[in-house]
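**Q** Swiss-Prot lists these features:
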type: REGION; residues: 1-22; note: region 'Disordered'
type: DOMAIN; residues: 29-254; note: domain 'Glutamine amidotransferase type-2'
type: ACT_SITE; residues: 29; note: active site, nucleophile
type: BINDING; residues: 270, 416, 467, 470; note: [4Fe-4S] cluster binding site
type: BINDING; residues: 317, 379, 380; note: Mg(2+) binding site
């Protein structure tokens, strides 16, 4: 595909592992990059990815650069499963790029793990991508016309990397090549790209997926790029600012230089990052998302009050909103569900009795807290409703006399095509049923959702600055019909 021009050392091993779906929108991916000569960049990236583990649990990878030599290790599994200290010690360099993955385009297989590493005339590049393109068929055709047809993976991320490498091989530098390649790409992308020269961070013209800049305070600043500020905190970096929508930052030994993409548009940060995906200790718009989620809980209590004895949240994502609901309503807050944080994928089949009570592998109710009580249970979203029904049944079995559910987001009625894995529209319960019908199906005494107006009002920002297509179907980037049919949209054309 491209002439080899560097020493590419792949340190990969592992086997494919099937994906899975929960009764929630599945996380986006996490990206991390660091330029820090004389630092242990692989270890710092490991810890950064550890903080971003919630954004993707299927695979993890790190690529480090020592001049034109790149060491890349990636595999299926959690960050702690993929990397051992001995491996990290082998991965020396002045800069690193890392990724945690949940598949939104391309299936869950080892070959699709990132970073994607490619050779170019200027040396290798390693690309980590959070987001989803919506024009992969057109991009593939455009690359085929340039002679780029031998793809290794089934991901749109590799296609972006190929497009950049192609532009560089035609004579452009790293920044020019990246900007030119991205004119071919439509959709959501936050990219961190490692090169022998430095690291590049870039967000799509709408800024749908997040990307922030941090700095390690030394005599010479060492820059960090990450999906969320929590990844800066874990390595002791200081938050500087957000990479703006349509901005490219180039970090080298000379420092950080900002560039604009050829096309810019109104910023449209995914509002689900605020509600659910990003960690509550991450900062957006100068406040923690914990504070925002408490605020939407307070607003929810004002919009949809109900008389009850206790307010509780579904761990962990429903807790901040539940605390806010409690504060606004004056109804005491209590922990009524205990979460087993060590439940992961298992290949051991449960018994039929366990399947019937399957939620208790993850959440177990406190009977002495719930018995004889009227309960308000707060959660961040309902997608299919199956888990919600199991939780409600468990609460009733524990002695709750009434169960009222409050959801700190509007009904999810449309799938996401910009880097979050939601079900197709016919599988979304709120696209098929009214609120009253959903309440009956999940067996609650009452059900209410936060209004779209309330959700956006609580951001404190202009409502036009957020993508809320999953709630209203207004997609800021046109989604072709072919893309709407399947999240694994590259599988059929790369077999």
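Our numbering is plain: 1 for the first residue shown, then up by one each step along the chain.
Backbone N, Cα and C atoms are what each Cβ position is placed from, and that goes for glycine too.
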**Q** Could you tell me the mean pLDDT the prediction assigns to the domain 'Glutamine amidotransferase type-2' (29-254)?
**A** 95
**Q** Pop the Cα-Cα gap between residue 29 (active site, nucleophile) and residue 467 ([4Fe-4S] cluster binding site) into the table, whole Å please.
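**A** Roughly 18 Å, rounded to the nearest whole number.
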**Q** When you measure from the Cβ of residue 317 (Mg(2+) binding site), which residues in the chain that are at least 6 apart have a Cβ under 8 Å away?
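**A** Expected: 276, 379, 380.
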**Q** Have a look around residue 470 ([4Fe-4S] cluster binding site) and count the other CB atoms within 10 A of its CB, chains all included.
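**A** There are 27 of them.
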**Q** Excluding 270, 416, 467, 470, please set out which residues of the same chain place their CB within 8 Å of the center of the CB atoms of the [4Fe-4S] cluster site, keeping sequence order.
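**A** After dropping the recorded site residues, what remains is 208, 271, 272, 418, 420, 468, 469.
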**Q** Determine the most Cβ-crowded residue among the binding-site residues 379, 380, using a 10 Å radius around each Cβ and all protein chains in the structure.
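**A** Highest number of other Cβ atoms within 10 Å: 380.
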**Q** Other than its own, how many Cβ atoms are within 10 Å of the Cβ belonging to residue 270 ([4Fe-4S] cluster binding site)?
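**A** So the number of other Cβ atoms within 10 Å of residue 270 ([4Fe-4S] cluster binding site) is 27.
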**Q** Would you count the other CB atoms within 10 A of the CB of residue 467 ([4Fe-4S] cluster binding site), including those on all shown protein chains?
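**A** The answer is 25 other Cβ atoms.
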**Q** Using C-alpha atoms only, work out the spacing between residue 270 ([4Fe-4S] cluster binding site) and the residue listed as 'active site, nucleophile' and round it to an integer in Å.
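**A** Between the Cα atoms of residue 270 ([4Fe-4S] cluster binding site) and the residue listed as 'active site, nucleophile', the distance comes to 13 Å.
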**Q** Enter the number of other CB atoms within 10 angstroms of the CB of residue 416 ([4Fe-4S] cluster binding site).
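**A** Residue 416 ([4Fe-4S] cluster binding site): 24 neighbouring Cβ atoms within 10 Å.
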**Q** For a quick check of packing: other C-beta atoms within 10 Å of the C-beta of the residue listed as 'active site, nucleophile', how many?
**A** 27
